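*Asks:* Encoded as structure tokens, here's the structure I'll be asking about.
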Amino acid sequence: MKEKLISLGSKSFLKPYFLGLLSALFFTLSFPKGDYSLLIFIALVPLFWASSEKEGDNLTILSLGLFFGLIHYLSLLYWIAYTLHKYGFLPWVVAIFALFLLSLYLALYPALFLLLNAQLKVFSEPTPAKGLFLSMSFVGFEFLRSTLLTGFPWGLAGYPLANFSPLLQSADLLGIWGLSFLVLFINYYLFYTLKSFSSRAIKRFASLRSQLFFLSIILFFLFYGYYQQETWEKKLMKRGDSLKVALLQGNIPQEIKEAKEIKISIETYERLLWMALSHNPDLILFPETAFPFYFPHDREPSLKLLEILERLRLTGRDSFHRVPVLIFGTFRVSNFNSSPRVHNSLLVWDGKDIADLYDKEKLVPFGEYVPLARFFPFLKRISVVSDIIKPGISKNLSFPIGENHFELVPLICFESAFPQIWVKRLRKGGDFLFIATNDAWFGKTSAPYQHFQLAIVRAVEGRRYVLQAANTGISGVINPLGQVEVKSFLEREEIILGTIRPLKDKTPFVRGGYLFPYLATFLLLASVVYIIWGNYLRGRRRYPWLKR
């Protein structure tokens, strides 16, 4: 009998963690390369169910959230360990431990999310209003994760909706934050429906109004999406100014870039440049650090690059053809207070000279700089590169093509994960977005696919064409509906050709969509204060000595 009780007790103990494991795996598989994006609509239902059975046991709820988050982020971000080992030259044990620490930090957010909602009986006594609160609080936690400690907005819950066009279209209203809200709301609706099956008939009847409430919000997003999709399809069919673009993907292995084999990079991109010219593009875009040297400090390769540009200028003059504008990535050396500063930069060549430049604003922690290195020097040992790159300022790139003047919003690599960076720039102007990246760091892992998914959502949020040029892929052209018009394969040398339309519309998200995550964060913090104050008052009633 005693053995039977122990067996039942162990099953009861393990059940919530099994459900948490199920949710974590479903959640990860809904992202690339999992390619089971439908799972995003049910991924959190097992977690909510486990939480409903353990509500009141704060320690179990907290550990369940940590367990879920740890499994999810370890499986989603496994490529970080690969990169740290292969290019940071860390032993596998150290690289995996670094991934574990990051995942543990990120897991704090779902753990606190579960604990907060359990305190308010969101799972044990589900209602439509609590569904709204849960979804908003999740957005608040995602926003905090995206901003605190330099921010890490990778893998937000709304990104798998990039594969569901009608739902994706609402990104122009509330951005990625609205998509995350919708994902959580749908999951909670399914959880609520399953819970109602166990209720009595009278409760089921009472829940009919609740069902209508849930469905009305979901249908609003759906109908809004269909309306926007039809509207923008008509807009894009109308005649207007267009640009022919060429994206160059040199497929330079990171081992070659790390070995400073500059000659190979220059020769590869010079060859692709002359091949692209045969298609008469207006604009040719190179990836991040296509020319991996310090311009103009490294004299020999800098002169070689200038020689290529001069030959291109003379070719255009002699053939009476307009020379395309080039935008290419390199490391730029500037002087600051008589000391050199290195930037990860994009330079604009307008057919005559370097006409504009952009220095990367948001650097990659432990990839381009070491946070808190001044206080903790040992952190430099786990950095992929030395701490020499300095951030630039927020700005757009402008250039003439023929009689027209264009402005693009530049983003380099990790910056495409931060909507707040490009939204600020797009408010000032910007006809389209350009993401220059070098995803060779990640090999054939899921990271390049996850990175490209960000670009799809960015296109709909701003209703702009998005051009992504990647060294090893994925490069592509995405239209304002989030439809991929053309894209490259991974680890293949390619020239991607496309036609884009410069656009001027400013979406609700660009105009003021950031009010939504701010509101969600305020609601989250207010609820924390409410819970703490409520617990304090209950404590005073239970323990009169607290009143003294």
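Count begins at 1; order follows the chain as displayed.
Here the Cβ of each residue, glycine as well, is placed from N, Cα and C on the backbone.
Straight from TrEMBL, here's the annotation block:
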type: DOMAIN; residues: 248-502; note: domain 'CN hydrolase'
type: TRANSMEM; residues: 12-30; note: transmembrane segment
type: TRANSMEM; residues: 36-52; note: transmembrane segment
type: TRANSMEM; residues: 59-80; note: transmembrane segment
type: TRANSMEM; residues: 92-120; note: transmembrane segment
type: TRANSMEM; residues: 132-154; note: transmembrane segment
type: TRANSMEM; residues: 174-194; note: transmembrane segment
type: TRANSMEM; residues: 206-227; note: transmembrane segment
type: TRANSMEM; residues: 514-533; note: transmembrane segment
*Asks:* Residue list, the transmembrane segment (174-194) vs rest of chain: Cβ under 8 Å, 6 or more residues beyond ends.
*Replies:* 40-45, 48-49, 52, 123, 126-128, 130-132, 134-136, 138-139, 142-143, 153, 156-161, 167-168, 207, 210-211, 214-215, 217-218, 221, 419, 423, 457, 461, 508-509, 513-514, 516-517, 520
*Asks:* Do the transmembrane segment (92-120) and the transmembrane segment (514-533) come together with 3 or more C-beta pairs under 8 Å, pairs six or more apart in sequence?
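*Replies:* Answer yes, regions in contact.
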*Asks:* Apart from its near flanks, which chain residues at least 6 from the ends of the transmembrane segment (206-227) lie with a Cβ under 8 angstroms of it?
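*Replies:* Contacts with the transmembrane segment (206-227): 127-128, 131, 165-170, 173, 178, 182, 185-186, 189, 192-193, 196, 199.
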*Asks:* So what pLDDT does the domain 'CN hydrolase' (248-502) average out to?
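*Replies:* The predicted confidence over the domain 'CN hydrolase' (248-502), as a mean pLDDT, is 89.
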